[in-house]
């Protein structure tokens, strides 16, 4: 994806730009810059004539506008400044980015940062603008998609009329790195599963290690069997594609400092196994590696930002397929932790691969905290829809930090409870636990299952089943929750 050159310059000359982006409030009111550039009369006239009512998300491009030395003037509606919400502001940013992408703009002055929702500051506005405009250039390109002439964005640079303070520069750098990380996450998740296999994910990690200097270690099937990863290997045994345990290490702090661990579910295609899923929309089960794609997207951002902390990634990756040798309902397997699991439903496979990954992460890296992420339960979509991801954990301060970063980036999490009362649903007559707990509280019982493997570490679980991709005519991966996780990690420094 092409990278925009973002700049901070408090003293701007309109003659230096071919496009000016201007926020407009209802009643045609605009910013101080508009008044100084004698544009207030123009926006007021357009409002009075009913040509531009400045509703949130409304845009209008004017060419060769009078009184200013720009080829284009992009008006962006913001509604009532007293009631402008974060949601409304971001809708306006996305609309502006789309309008700009459909124009010939090359060198842009962006004044949308002069219009900020209540309880936010200029650095926040710069972050959100940078994220929105950089993300708008994303276009899925792969050999599986026969596009003769891929669109080449014209936009080269965007300047904010703001001081180049440390806080503002951090906002630009963090947002752009997050957007580029999201693009990698989207590329991996959007890729057909016959291309994006566990081997492909491992090769991607190896390429990233070469680019950014990460340490990389790929565990193969024979090695994992010898180690005793009976739960992970049980899921993998029905697939022809070999499973991988993909491990990346980023060291930005002293080696003695315990790392933060990110663990991502990497089921590159989930049929449900013997407990076969319905055929409708099964193509979307290529997105069941959204947790793995998110972890790699976060590491893409880390490689660009080079923060002063240590982070490790562990990605268990496999397909979940029906076969003559696939696991069956009623089978009992022994996990790496030594705990046994009765498999009542082979479509609850994510927790089976994650539990061994969580144990391996603790044994190998001794992390200060673990955050795992997975497209784990359909119950999460029923509970929270597609607006927020679920977060559960055994350390409230860790959960609070994730929620705070989600709120700051508007890549939000909603905390759901963990309680020993839910353990009753995981009881088995034939093993230490069952891998499902029935229909009730499905997201919670899935996390309650994982909690049995994280008792000795500060741990949080993110269920991103409702946020990792969208269906319908705009089907595709979202890149979430890369922005929130990047912010969370930077806040740990």
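Every residue number used here counts from 1 along the chain in the order it is shown.
Glycine is no exception: its Cβ is also placed from the backbone N, Cα and C atoms.
The Mn(2+) 2 site recorded in Swiss-Prot includes 265, 270, 349, and the single candidate from 283, 288, 331, 372 that the record places there is 288. Here the C-alpha separation of residue 270 (Mn(2+) 2 binding site) and residue 347 (Mn(2+) 1 binding site) works out to 8 Å.
Taking the C-alpha atom of residue 277 (active site) as reference, the shortest distance to any of the recorded positions 265, 288, 347, 349, 351 belongs to 347.
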